[in-house]
């Protein structure tokens, strides 16, 4: 169990970091398929060991936090994801669960089945039939305002066709996609212009939709299909999902013709079989079908779980397979020193993407496959998205193949490695002396869920470490303008913003700090438990095994990891320096006398100049505030930035206390 728990936490930390790079920084360091493979692995492990599932796991959250370059949109009805299944048996189990919940016995349920588009989920808000706002899914609760870009998509009506039944307000949900023809045209143009080419149509659609300049989006030939509704203000609502889709068509909204009303499980399986056959002829990428209980009243009865509805599920299409060649095996060093083998492949095109890498995850996998460099292998996309080496085609093996030699020294720093036979891993023993481990540790330290140093991306950290400007987290807080402006793509303005962000990060929560310093097996949830119990770093550093194991989710192994961390003189020195007056990290707490916001219902309006909306919300939640999306008599406080809207007017009418941005920062004590 120990090894499983450690492995699960490693997967979570890696996925959180990749989320931060991909969604918050627009700087992915792995392909989508590598990311999705890891997510699928984590879901499976949490299914097998449900006691190890935590509320802060990436499997319990959707997508990403909205970026600062777009205005934030709060989804009043969350945009949830879907659970996935991969075989008929799993679907029959789903059908049985639904019938049992509805007390249907052996009677047939009716379903509406649609395509599962491989694109970007968006929300379109229409008021009296006029498009007034469009937003991305984001993390399911807060998305990005992409209204101007959505207006450039020809298939999306700016005004619904009036049939006398248009609701006062309706939120249409659907998927923005890029067709295969549009994708080829985009990459051919990019090749001629020597500009960035996209790996697959989904990435191209995402990048196109999130352009700051809508005129660029307009050239990308995006398409849209709607599949559902969020908020709807109308007395007349269709009784079934299929009727809702038909109503969308009447209003002029694009709805896929590949949808089917199914009575009972067999008709659903027949539709799945049909889609499997026509998939290659669609002209755009899909990765399965979506199966929804058709009756809306039954959907309401079934409700939701943490991140998905109970009344719908995605049945993924089978993995595509191709033959390719192992050109080399490289070794990557992670934050904890674990060395992971990665197969470099002769690029092969599978299901809309070029695949050139496949993680082998452990050296035991190389042994299991009997893999040699130069071998021909079968590679498939598990779940239609994750690159996986299935087996070696031994009959095609030539005399030119060579064995995979396990590293005796770290491929990055040259230090000796040690083997953990129990966990079947090879580990670099150098710690932060190894530049690879140092880089990964620092990237974790500055990440959004940790110290949240906005603008301190992976590329900047790589440069700072390579130039030996920083050697530990303390050095981040000693950076000056001269050191930063000498870096690539760092001008005066960007440097000033980064230095401001570093200064701002000194005010954090104790829980974030504990998560940031990288104690083995201490994720966000356990860090929060430790922070709540000990209140301050000095108390935690003096803790013993007895007090640690009294805390929720802290067993002997995790407690030992905490003790070992604080018995390390190097770690102690770094923490003491970070908390010293010279660096000045301070912990916010709901127990501080500066607790102006605790327990208050707060609404934001307008744009903040110094903090992003997301950062401000995180700070207030840490101080015990409750963030609301709309103004009502129950609101205690409105925080107003620039370019305020109707919320400010309504707050004045209701005589709600209003504070401007400067006063907000003054109360927080960060400016």
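The backbone N, Cα and C atoms fix where each Cβ goes, and this holds for glycine too.
Here is what Swiss-Prot says about this protein:
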- 116: active site, N6-AMP-lysine intermediate (ACT_SITE)
- 32, 33, 34, 35, 36, 81, 82, 114, 137, 175, 292, 316: NAD(+) binding site (BINDING)
- 410, 413, 428, 434: Zn(2+) binding site (BINDING)
- 592-671: domain 'BRCT' (DOMAIN)
| note | CB contacts under 8 angstroms to residue 434 (Zn(2+) binding site), restricted to the same chain and 6+ apart in sequence, sorted by sequence, are 333, 337, 410, 412, 413, 415, 428
| query | How do the residues of the domain 'BRCT' (592-671) split into helix, strand and coil according to DSSP? | reply | 26 helix, 17 strand, 37 coil
| said: Can you check which residue among the binding-site residues 82, 410, 428 has the largest number of Cβ atoms within 10 Å of its own? | reply: 428
| task | State the three-class DSSP label for residue 428 (Zn(2+) binding site), counting H, G and I as helix, E and B as strand, and everything else as coil. | result | strand
| Cβ-based isolation winner (fewest other Cβ atoms within 10 Å) among the binding-site residues 137, 292 | 292
| query | In Å, rounded, how far does the Cα of residue 137 (NAD(+) binding site) sit from the Cα of the residue listed as 'active site, N6-AMP-lysine intermediate'? | reply | 16
| task | Using the structure shown, find which entry in 116, 413 (the recorded positions) has the sparsest Cβ neighbourhood within 10 Å. | result | 413
| query | From the Cα of residue 116 (active site, N6-AMP-lysine intermediate) across to the Cα of residue 82 (NAD(+) binding site), what is the distance in angstrom? | reply | 10
| request: Would you report the average pLDDT that the model assigns to the domain 'BRCT' (592-671)? | output: 83
